[in-house]
Amino acid sequence: MREVRRKLSIVLLILMAAFLMADQNLLPPNYQQIMAEFGISETQMGLVSTIFVATSALMTIIWGFLSDIKGRKKLLVIGVLIGEIPCFLTAFVSNYYQLLLMRFFTGIGIGSIIPIGYSLIADMFPEHERGKGYAFIQTAFGFGTLFGMIMAGLIASWRPPFILASVPNFILAPLFYFVAEEPKRGAGEEEVRKLIEQGVEYTYRLNWDAVKKSFHTKTNLLIFLQGLAGTVPWGVLMYWLVSFLIVTRGMSKETATFVLLILGIATIVGTLVGGYVGDYFERRTPGGRALVTGAAIFLGMLAAIGIIVYPLPPQLSLGQWVALTVYSLLFLQLVTFAGPNVTAIISQVNLPEDRGTVFGVFNIIDNVGKAIGPLFGGFLIETLRGMGYTNAQAYEYTLIIGSLFWTFCAAVWLWIRHQYPRDREEVKEILRRRAEVLLGGATK
């Protein structure tokens, strides 16, 4: 019965994450419609998204800190509802400033899912299956984001998608609160699980000395570094790819968006596969998770550049659509292996009471790259044009240069390969000593 409840808890968590993330792509397909309705400029429209992303990223550190000292199940339900209520109300705004305010409040709530959700996953899955657990929730993020993009692109008005994206969590969040079982903190670690089985509670909680120590952990710093470099290409490609296909390949907006959709599906597949592959290689050699991730990112970068330089026609035939899909699923998906393996490593080199805070900091740094990408891409396009390159060349070279940031990211993963097994063993040793202390106290 307990195992059934654990699995149901995981399913509900994944569903909540998917619908919460559906909100993220509801605005971009409808920028033109919203600007026309409210009479605002591109800068004002961009500010709406900037505030949303920045608020979400900054709030992850606060949600992460709270998740390390408070009950995570209740906290997550509060966070989800804080995000979904203003998402729902966005459908009824009547002016620009109301839209700005609703996106700000939505960002506060959405910032909860990564630190709290990741912390729960760490305790719902044993260490050797944790990559799979993180692959599940990150795949949910991907499907949710794609669902939002498709919904916003197909529905004529920009308002109904906000209702459709938010309503499911008004049902799922209370259901999660009453049905889900919050795992014991540290239950995913073998050393702590043995304590729990003997009726001894893991009583260690977050303290500032522990937080400071976690940022002296070299693996954490390397993970932050690869995230900063590795997310810049996503900011460039995801924001500028459709424009690139329109300008350089003569595609219609609909065709270009469908190409982006195929690439998005491939990245979801890569996230899911990457978790399983990372677990497989880690079971066979210490640091294998990091080694295969670095290699996959480099190969995936080459696949991305291949799509950029290949002269796709304005209208693709059925055979060309199939070829693009197969190519993306086989090769482009490799570049997303980092996602589940980053979170698995963070959970292994940090103590259970520190993880939520570290996840929160990682998410902030991860979003710095995503925020830099669109601005860097736009600046580079204008700079290259000013240097005498044609408009098409400026777009193409910008996407290639943006993709090359993955080279540095892949190199950092080779460094992680050597460092992370040491930091993981240090955490294991601390947990073993704590287990002895707690067991000794329980037997007195």
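Using the three backbone atoms N, Cα and C, a Cβ is placed for every residue, glycine included.
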Stated TrEMBL location of transmembrane segment, expressed as one of 195-215, 258-278: 258-278
Non-local residues, at least 6 beyond the ends, that sit with Cβ under 8 Å of the transmembrane segment (258-278): 131-136, 138-139, 142-143, 145-146, 149-150, 238, 241-242, 245, 251, 288-289, 292-293, 296, 300, 307, 312, 321, 324-325, 328-329, 332-341, 344
Chain residues in Cβ proximity to the transmembrane segment (46-66) (below 8 Å; excluding those fewer than six residues from its ends, i.e. six or more beyond): 27-28, 75, 79, 99-100, 103-104, 106-108, 110-112, 114-116, 119, 206, 356-361, 363-364, 366-368, 370-371
Feature contact check the transmembrane segment (221-246) with the transmembrane segment (397-416), CB under 8 Å, 3 or more pairs: yes
Overall pLDDT of the domain 'Major facilitator superfamily (MFS) profile' (9-420), taken as the mean: 83
The transmembrane segment (133-156) vs the transmembrane segment (75-94): 3 or more CB pairs under 8 Å: no
Whether the transmembrane segment (100-121) meets the transmembrane segment (75-94): three or more C-beta pairs under 8 angstroms: yes
